[in-house]
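Novice: Pasting a structure below so you can have a look.
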Amino acid sequence: MEDFKTIACNIFIIWLTLVIVLILLPSMFGSSLGISEVYMKILVKVLEWATLRIQKGFKDKEKLSASNGIIQRDKSPMETEIECLRQSRSQDIREGDFELGDVFYFAKKGFEAIVEDEVTQRFSSEELISWNLLTRTNNNFHYVSLRVTLIWVLGLCVRYCILLPLRITLATIGISWLVLGATLVGQLPNSRMKSWFSELVHLMCCRICARALSSAIQYHNKENKPKKGGICVANHTSPIDIIILANDGCYAMVGQVHGGLMGIIQRAMARACPHVWFERSEMRDRHLVTERLREHVSDKSKLPILIFPEGTCINNTSVMMFKKGSFEIGGTIYPVAIKYDPQFGDAFWNSSKNSMVSYLLRMMTSWALKCNVWYLPPVNRQDGEDAVQFANRVKSAIAKQGGLVELPWDGGLKRGKVKDSFKEEQQKNYSRIIAGENKSLKPTTH
């Protein structure tokens, strides 16, 4: 029995030593021994082979579309659709008339919203073209060959018996180092030395945590990286976005107060660096945050602020409405587009269904975390441009660069009801049509 304990202890020491030497130390200093690159190449080959085997099970060889949508929507504005609807009738149409047949337009939109609206599908996992040997996330897939099944079983053993313990070890070290290091740094008086230690702790921790997720990150256009005194805004998929960005540089964070593990991390970070955490439901907190952000931006020696203007996590298929508050405080905006590859794992965090711990466990049992980060050129508010227009301009640039769908809807609809202002806007548009105030609707006769 003693011999068994000795052997187990020796194996554990050897394993931990290899983890520290081959993974932990290189990641702390931002270098790599090439192990992750080899793993990703093997993984890509396996998934390509599995995809080909799966496709042989289909009689129809047509290319599948990776889309969550089942409705082909007409993107034309209300005025154009109603004009086409009226032109399809035989009676005379005069400008400003009310037509009972217009009800078909609203009925069509209503049925589309009932069957599949544009908002709620953004809060569920992205549909995949083919099964990635993780979960059956593709509705079009119904066949698995015996070979693919055996590969899936082998992959299951690798992910849960080898990768999961390794990743939990790295994540535990990274988070513990952040909490302990930030707490110790927080005891130092405010000085350049404290800022230097704080940046070092944050950077090393994020690099360790990124390695714990087998991250393969490509950063593009590094010459546009956010600079001190600026505001970095990015699309939001999960809290891992912070690790992805902070792996390449330090930021002062702004975000919603969380409980549990996330809350512990937030409180530790706030001790060493002037991060801003607030309660979204408290109006007083929101005004206080705005003032603190203005003070932060005015000091060019402070770290750039990282803000996610959507205010909630979206499934990385689209970019939803940017809240104008981030664009009212002044300063230079540094847009950043983040796009994850769902083939290797689903990075989306549905906070209304999954706790932070369960989400991290799911990520640690995925194949890897592969994503691209684009630093876009810095922008400033133009003369005569209000905060809403500025926010929409930045949102459009991020959506275009990341290949994401741009949506006007508020991400707050994830938890709340549609605001009356959205309904009133549609009512006003139709009122202009029947009042003859809309010039785009031309009178026609048949």
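Even glycines carry a Cβ here, placed using N, Cα and C.
What Swiss-Prot records for 236-241 is motif 'HXXXXD motif', and it gives similarity to another entry as the kind of evidence. Taken from Swiss-Prot, the feature transmembrane segment applies to 11-31, 146-166, 168-188.
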Novice: Below 8 angstroms Cβ to Cβ, which residues of this chain, lying six or more residues outside the motif 'HXXXXD motif' (236-241), approach it?
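Specialist: Sequence-remote neighbours of the motif 'HXXXXD motif' (236-241) are 213, 262, 308, 310-316, 338, 340, 347-349, 356, 359, 363, 369.
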Novice: So which residues does the transmembrane segment (168-188) touch in its own chain, when a touch means Cβ under 8 Å and the partner is 6 or more beyond its ends?
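Specialist: Beyond its ends, the transmembrane segment (168-188) has Cβ neighbours at 16, 19, 23-24, 27, 194, 197-198, 201-202, 204-206, 208-209, 211-212, 261, 264-265, 268-269, 271-273, 360, 364.
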Novice: What average pLDDT is reported by the model for the motif 'HXXXXD motif' (236-241)?
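Specialist: 92, rounded to a whole number.
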Novice: In the motif 'HXXXXD motif' (236-241), how many residues does DSSP put in helix, strand and coil?
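Specialist: For the motif 'HXXXXD motif' (236-241), the helix, strand and coil counts are 2 helix, 0 strand, 4 coil.
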